[in-house]
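Peer 1: Relevant sequence annotations retrieved from Swiss-Prot are reproduced here:
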ACT_SITE  ASP11  active site
ACT_SITE  GLU71  active site
ACT_SITE  ASP143  active site
BINDING   ASP11, ASP143  Mg(2+) 1 binding site
BINDING   GLU71  Mg(2+) 2 binding site
Amino acid sequence: MTSPVRILGIDPGLRRTGWGLITAQGTKLTYGDCGVVTSDGELPLALRLRELFEGIGRIVEAVRPDEVAVEETFVNKDAQATLKLGHARAMALLVPALAGLPVFEYAPNLIKKTVAGSGHAEKVQIQAMVRFLLPKAEFRVADAADALAIAITHASHRDAHALRQAHLPGGKRRSLTGQAAAGQGLAGKGFSAAAAARIEAALAKQG
């Protein structure tokens, strides 16, 4: 039997950074907790980033994950918004890296593909599938649901990174960038094999 792995998903945002904790053991996923870290929009950028840094640090210390997954930056036409998101994402990457945790990154379309079966899935579809895969999940904002989706994605693709783990001198694990490609889905369904296995397992339990 495979050992359980605690995975912290982080959905970066300057105003709200979502986080979600799950435990993965084989194809079984268990909900842990979720929430958001916020920054005061009235403060200067440097102080807002400090709020995110300290807030994410408290979460990492409290939930003690084994691995961390972060959503990659989505570049849009609003350069200023993209830049602000980049600042927030830097905090999401830096905090767990300083804690010696392995950090992986996933593209938004891969997260949607893994969780909902389509790289163009809407937020409501993502939230519905998160609730389906994690029946005990409780979230009030989309940021927390997105963070859980990121954690689920890493649970589905983490084996692809197993041989790429490296260590820094002194025994600290190095933060890695996971540019995982989507696995082959079921014919005509678009789900990855791991995601399909979880859905089938959930259906079997309900049946």
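Yeah, the Cβs are placed from backbone N, Cα and C, and that goes for glycine too.
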Peer 1: Which of ASP11, GLU71 (the active-site residues) has the most other Cβ atoms within 10 Å?
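Peer 2: Comparing the active-site residues ASP11, GLU71, the most crowded Cβ belongs to ASP11.
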Peer 1: Fill in the CA-CA distance, GLU71 (active site) to ASP143 (active site), as an integer in Å.
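Peer 2: For GLU71 (active site) versus ASP143 (active site), the Cα atoms are 11 Å apart.
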Peer 1: Enumerate same-chain residues with a sequence separation of six or more from ASP143 (active site) and a Cβ-Cβ distance below 8 A; give 'none' if the list is empty.
Peer 2: ASP11, GLY13, ARG16, THR17, GLY18, VAL36
Peer 1: Per DSSP, to which secondary structure element type does ASP11 (active site) belong, with helix, strand and coil as the options?
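Peer 2: Strand, per DSSP.
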